[in-house]
Every structure is written in structure tokens, then in C-alpha cells.
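Asker: Per TrEMBL, the features are:
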DOMAIN    130-176  domain 'PAS'
DOMAIN    329-369  domain 'PAS'
DOMAIN    605-826  domain 'Histidine kinase'
DOMAIN    848-961  domain 'Response regulatory'
MOD_RES   897  4-aspartylphosphate
Ligand code: ADP
């Protein structure tokens, strides 16, 4: 070993070290001039060049380091390095050499290699300046590493990113930890690249790794921007995005664009040519919009300079055919609104009018050609101005549409109620409010009227006396009230709480008086079955606790519903008072009836009482007259006879009166000769005229000798009465009877009757009175003139029955004139001449009669009369005897009294008629109508009233016998 200025310490190290040691020159190529055994063993033997360059060592890089790593044969060896201390020495000493065990980790050299040749930019620095950069700086940013060595990082960062990175730097540096940031970094050519950095701070250094993310960044910017563009364009139906990279002159399209081009083949070429030739270099314009009209294509292009020098065009393509369709449909929609038959208006939220159709203008009273620009123009129509704000504010607060009503004054000055429907609308970031109007004035008025009438009905329902109800009978047979007015409570004696729960019919039924219940149920069932109105009077409980009842009238009308249910609309009303009144009335009626009955009984009694003695008188006079009395006796007997006849007339009057009162009198219609009848009446009264010293004259007009149909008996009764009165109330004067034929037409004759006297006359105040029942001018008159006061009353009533009216003209002291007019049917039948019974073929010379009479006087008188006729008879004292005697004996006729002891005439006759058909004549003094009716019922063949007129009785006997044969 050469000395070469090696000191003793070095020598000691060299000789004693078991580790690798070697010495190298300090000049290139740094030859190894000494190496120990250990070095030779591990490294030296395999070395071709025994110098540091051969070992791959750049000594300068280690010049200040105490330790260096030497890689050889895939192994790392660490050495300590000692520089020569003295100026004369010119070598490096490498000692303490030993293999570095890396345990699988890359060796230092590998790491250096990795640093040097890594694709990512690796830099080391202090504070903000760089102390080391690897070679990746060149391909990434275009600089040589040396260019950036010891330069600050800041000038290379994009100024927009700088601030952010500064604060990051500050915060991370103190913490000695790992951090990440991104930044655009300036390249040597002035363009920028986008790098992602991770940085590790230690106390002194920062270690930076940067990766070029420019491509993916611009890609993401592109995507982001395209999305924005697409979003903006998405209002159009078909919007496609595209990009153009000027560097590579290449276009990229999305799927929609491909679809558009698929349809129009030339379009893509045309578009690309047009764009790249004319527009792609107009970067400074940033944004371009153009159309290719013949292809219906709209283009928006935007130059995006995401990173300087790495810009690209982005854009949207819109299929304008779609847009045009949309525009067309937009136009159509606008027209629809403008021509809508409903008033419509579209306004902006500040009230500016966007669209307003004619109908709305008309409704709001805007003149046809006037511009209507703002809703505030309507202020004059409102009661308070700016009410239109509510129109547009209301929907703004609501999600959907809202309806409300507004009052405004029309241009005709009328108040209108408008229903406004409003909905807000968001269109292309613009807000609108769509308003439609409806004139609901009429509806409102109608609703008001309806409400009023419903109130009125409700009020009516509540106010009517009694209560109203609605009752439903459903298909299951259940009956329940579906409506009850308040009044029902008071009618049924319920409290208001009770009525609220009152639904089922059974509640109502339970309140009905048990005696009235069957009637209520039966009438209800009948109403339901026949669908006829229901009406019923019944009693209901006064109230829940009381025992008392009140009378109620219920009435209802049923209605069948379509679903099969039956509904009654009805009312209940309290008729207790009416019932009380009715019962009083009933009592009064019964009293009146009783009184009338008494009157009737009285009349009957009188006639009975009168007839019995008259019977006796008449019978006796008759028999006395048959016994050849002398002249004076005969005269007296005649007077008695006249008086009796008068009395009979009177009784007959009473009978007639009663008959008319009871409505039992009928007017017969049989043919008779008018003239003959009048003459007969006159003839009958001539004696009376003579007696009263009056001149009785008949004046007949022409044409009265004719047959008419009518009741000749009643007509002669009328004339008899009037003439008798005239004769009675005239003394030594004239009584003129005039009959005139006034008209003869269509088989009918109008005949005028008049009885005129020159008698005492009738005072005006009595002229109506005299036609009333039992009325006479003065009761005292009856004593003087006789009479019952019934004659004129009967006359009036008979004429009424014949369709005529009696009239009177009279003056006191001068006389009276009674007159009437009768319309009579002219008869074309022969007048039936009554065939006299006597002279018929029947032989009446010998008859055997049975007399049933309890009264001995009557029996005596009647017996005498029968004997006078030359007939024989048997007498029995009661009905039972009559029945008995008839079992063994035969008679031609039976004269049967009615009122008899043991068995009366009715019963006896019924018994008799069961076995034999012998004619039976009733003899009765009772004038009662019922008796007449009963006589007929019991099978009598005829009747003769007591007092018996002998001639009449004989006539009747012959009549009944003739009829039987
Ligand atoms: P009476 O049976 O009592 O005659 P009328 O009914 O026939 O009853 O007559 C009623 C009254 O009318 C008579 O009582 C008489 O006062 C008056 N009267 C009727 N006819 C005449 C007459 N021709 N002249 C005067 N008074 C008459």
C-alpha cells in the first residue's frame, strides 16, 4: 500500500477493520487504489473497472454526506466516507462497509431510480422553494429539473389556485403531516396542466408528489359543462350534446346526437364541415349560436378554456323540428286561451298582463281595442283598490289552484260576483298566474233566494201550529221518523230532549190512547197499501208522566220512492179545543134534535088527540044524517060537519108541513087538464065565496085547455090555499083568479097564476113574515079567521119544489095580490080517467069484515058506519085476538087499529100476513112519518087516517079487495 499521506488513524482503521474498507483517488475516474480483504471478497473480485464510476458512484452527490450507499450486484452496501484531512492527501476513504439488509424493501439505488424515472412528478423542497425535482418534470411540464432547482413553487401555480394552496400550506406545514391539493400548474410553453399533489411535511423539508390529471380534469369539466348545457337545453324535446377538440380536430357526440344524425345522414358531415371551417377558430367569441335551417338544426357552441391552451368547444344540438312543433303548439295554446269561451287571463306576479282573452275583457269591462296591460287598471272596479293583488298572491302561497270569489262593479254599474280560479305557473324560470273567471252573480242570487226560501220554509215549519214530520217505511218494514219539526214535541207532549231521540214509530204508538190505537193502525195500513192519504183523529198522552190525553188530528200523504221505501209527509195538530167545541156542538145538536123531536111528537100527539074525538064526531054526524033528521037538525049537523072538515084540513096541513120538513114530500108528474083542474078548484070554493059574500071570478086566457104533466093535487092545494085566504081576508069584495098562458115553446108551457083580492091587505113589514112557518100577521087573527099560519109556508115550499117562487103585492086596506109562474111540460098522453071502483065487476053488496079496535067509542062509531053500508063484522079488542080469530074465520077485509094493548096492529098484521092474504087496512090517528113507513113495511094493504071519513074508508075497502082479486 502506498503511503500517499495516509495518517496513522486511517492506518489503524484500515488494518483493524473487519468490515469493508477501500481508498479511492480524488480525481476522475476515482480509481480504487487500496481495498481490504473483506471488500475484495464481497465486491472487488467482481469489479471490471476498479474505480468509483465502475461502482456507479457519483461522488459529488455524496460530498457532504457521512454515509453513502453503494449498490453492486443487486445488493446495497453502506460505507462511511472520510475525506483527507491534510491538503496533501488526495484520496477518499470508504470504511465501515457492510451489506445493507433491506428485508425485501427496494434498495436505495432502486429508490433513487424510482425517484428519477417515476412518471409522477417528485420534488423535495424547503419552505416554498424546490431543492430536488425528478425527471418527470420534463414530460409533464416541459422543464429540465435543473431549471426549477432552487426556485419558488408559487410562480408556477395558477393565480386562481394560489390563495387556496397558500392557506393549505400554512396549516399543514405546522402539523408535519400528509396533505393533498390540486392546482393548475404552468408549463414551459405557457399552457397549464392540472395536477393532483400529495405533500408530506417534515420539520425541515416537504416532499411533493404530483400527478398529471389534466385529461381527466378537462374531461370532468367537459361533462359538467355539457350537463349544464343539456339542462339548459332540456326544455326542447330533443337536445343532444357534442364537443370538439381543436387539437385533434375530432367531434364527440352523445347518444341523442347520434339519434338525430341517424335520421338525417348528411347533417353530421354538413355540421362538422361548417363548424370546423367557419367557427372553430373563433375562440375569442366564446359562445356561438347558429342554425342550419334546411336541417331544422339549432346549434349552441361554447368555447371552454378549462386549462389554458387545452380548450375545447362544447355545445348542444337541438332538433328544431321539435322546437318548431313546440312553438307551433305554443302558438296553438296561446290561441286556445285567447279564443276560449271562458274568460281567461295570464299575468305576471307583479300584475303585468301577459295574455288576456276577449271574454275576460268583456267580463271585466275593458273596451275591445284598448290595451290592457296591468291588473291595476281594474282598480276602479273594486271596492278597495289593489284587490287584484289577492288574485295573484293567493295561488303563490298555495300548491294547486284555488278558487275564491270577488265582488266588482261592471261597466254597467251592476255589482258582479266573480268566481276567480287562480293557479301559479313556472315556465322557464318565469312565474305566471293563470286566472279564469266565472260570473256567479246569478248563482249567488239564486243561492241567496234558495237560502231565504229554505229559511222561510224552516220558519214556516217551525211556526205552523202543530208539527210536521216525515215518516219512512223501509223495505224491511221498519217505520221511523226521518224528520220531526219542533212543533211535534208540543203536540205529542214530549220534551225537546225526548224528541231528539224520538225516531222509531213505536215511541209515537206508545203514546196513543189504547181505544184509538186500532183505528190509527188500520188507517195507516190502508194508506200504505193503497198509497192513499192518511187522516185520523186520535188521542195521545198529554205528557210522559200524565194520565191525561189530548186530541190530535194527523194527516199525511204517502209517496213511494224509487228504492221501494214509502215516505209520508204529514202533520199532527192538537184539536182538543175543536173536539171540545164539537162535543158542545154535538150536545147542542142533540138538544135541538130533542126539541125538534118534541115538536114532532107534539104535532103527532095533537093530531092523534084531535082525530080521535073528530072521528067520533064525524062518525056520529054521518050516522045522524043517515037517520033522516029534520031541517034544523040537518043544518046543525052540516055546520058540525063543516067545522070537522076544517079541522081535518088543519090536521092535514100539519101533516104536510111535517112531511116537507123531513124532505119526504115528492112532487108527482102525471098528466092532467089544466083548465079542468082550475075550474074544479073554483067550483069547490064557490060555496065558500057565497058564504063570505065575496065575488069570486075566474079569468082564463086562451089555450089553457091542454094536458100538462104535473102534480095536480099539490097545485090545487096551492090554489085552494090562496083563494081560501083571499076569501077569508076579504069581506064583501072581489076575489079574482087569473090564469094566463104566457108561452108555449118546445113542449113546455109557461103559465101565470094570480089570486087578487080587495081585502084587508098586508102591511109591508109582514109581507115576508107570512111565508114563515106558523106565522100569522097577528095571533089574534087566528081566533077571528081561524088557520094555523102554515098554509102560505106550505104553499111557498111546494112552489119551490116545483121550481117556482111565490110573490106578493099588497097594501093595507086595499087588498093583496099573490102570483107565481109555473113551467109545465105539455103532455102527449091521454088523461087517465080514474075508473070508479064502484061499478067494477066486483060485488061489494055483501062483505064480512074484521074490526080490531081497543077503543069502545071508536068501535061503536065504526060499527054503526059498517052496518049502514049493510056489511057484517066481528070485533076483537087487540092484535093477538085478531090473529087468533083468523085461524078459524074468514073475512073480506080487516080494519086494524095500530095502537092496541097486548099486540099492536103492526105485529098482528105481520103475523096474519104470514098465513093468509086477506087485505088489511090500518086505522091510525098518529101522523108520524115513521108510522107511515112502518105501515108499509108490515104488509098493510092501505091506511085510513083517523078521524075516519066514512066515504074514504068505504072507497079504500073496495080498492084493496079489488086489488086482491
Ligand atoms: P092561515 O092558515 O092562518 O091562514 P096562512 O099561512 O095561509 O095561514 O096565512 C098567514 C097569514 O097571512 C094569515 O093569518 C093572514 O094574516 C095573512 N094573509 C094571508 N092571505 C091574506 C090575504 N089574502 N089578505 C090578507 N092577509 C092575508
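From the backbone N, Cα and C atoms, a Cβ is placed for every residue, glycine too.
Please situate the listed features within the shown structure.
Answerer: According to DSSP, the domain 'PAS' (329-369) comprises 18 helix, 9 strand, 14 coil.
As a whole-number mean, the pLDDT of the domain 'Histidine kinase' (605-826) in this prediction is 83.
Residue 897 (4-aspartylphosphate) falls within a strand segment according to DSSP.
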Asker: Give me the count of other Cβ atoms within 10 A of the Cβ belonging to residue 897 (4-aspartylphosphate).
Answerer: 25
